[in-house]
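Copied from Swiss-Prot, the annotated features are:
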BINDING   Gly10, Val11, Gly12, Lys13, Thr14, Thr15, Arg116, Arg151  ATP binding site
BINDING   Thr14  Mg(2+) binding site
BINDING   Asp28, Arg52, Gly75, Arg134  substrate binding site
Amino acid sequence: MTKVLLGFMGVGKTTVSKHLSMHCKDMDAIIEAKIGMSIAAFFEQHGEIAFRTIESQVLKDLLFANDNSVIVTGGGVVVLQENRQLLRKNHQHNILLVASFETLYQRLKHDKKSQRPLFLKYSKEAFYEFYQQRMVFYEGLSDLVIRVDHRTPEEVANIIEGY
């Protein structure tokens, strides 16, 4: 069965996936290859709705492949109800990586390499509300929750591989 890594932007899903011995499929990388540009550029040119439509199709394709890999999702994969329904069908294999809001905020604030469109458009207070809304979705879909604040990516990867 395919395992799915879920979590808010900046929590370390992609970083952790690099330490897994299992085959990983990074949705953001797959989408960028498909659209021929960065997700940030696509958001700017086409908007969030167009992006979410593509993201949903990629998720569906990866889940239906059912090839014992790990799907590394983007932070917003839980936004669409259709995606949440797909993820519910993957019951017992959804893994949520969690960090405190302050940890995430600081990571995103200092990440000059990967400027995230949804982070840039909010004040810290509004971003906290956005974070809280998303966490409700993540928590409702997750079968295993791993706190990452005080763990190395290698430690998190070991927990995932043992699950």
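Placed from the backbone N, Cα and C atoms, the Cβ positions cover glycine too.
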If you count other CB atoms within 10 A of each CB, which of Lys13, Arg52, Arg134, Arg151 wins among these binding-site residues?
Lys13
Name the secondary structure element type, per DSSP in three states, that contains Val11 (ATP binding site).
coil
How many angstrom lie between the most widely spaced Cα atoms of the substrate binders Asp28, Arg52, Gly75, Arg134?
18
Which whole-number value in Å describes the distance between the Cα atoms of Gly10 (ATP binding site) and Arg52 (substrate binding site)?
18
With Arg151 (ATP binding site) as the reference Cα, tell me which of the binding-site residues Asp28, Arg52, Gly75, Arg134 is the closest one.
Gly75
Close binding-site residues near Thr14 (ATP binding site), where close means Cα within 10 Å, chosen from Asp28, Arg52, Arg134:
Asp28
Candidate nearest Val11 (ATP binding site) in space, where candidates are the binding-site residues Arg52, Gly75, Arg134 and distance is Cα-Cα:
Gly75
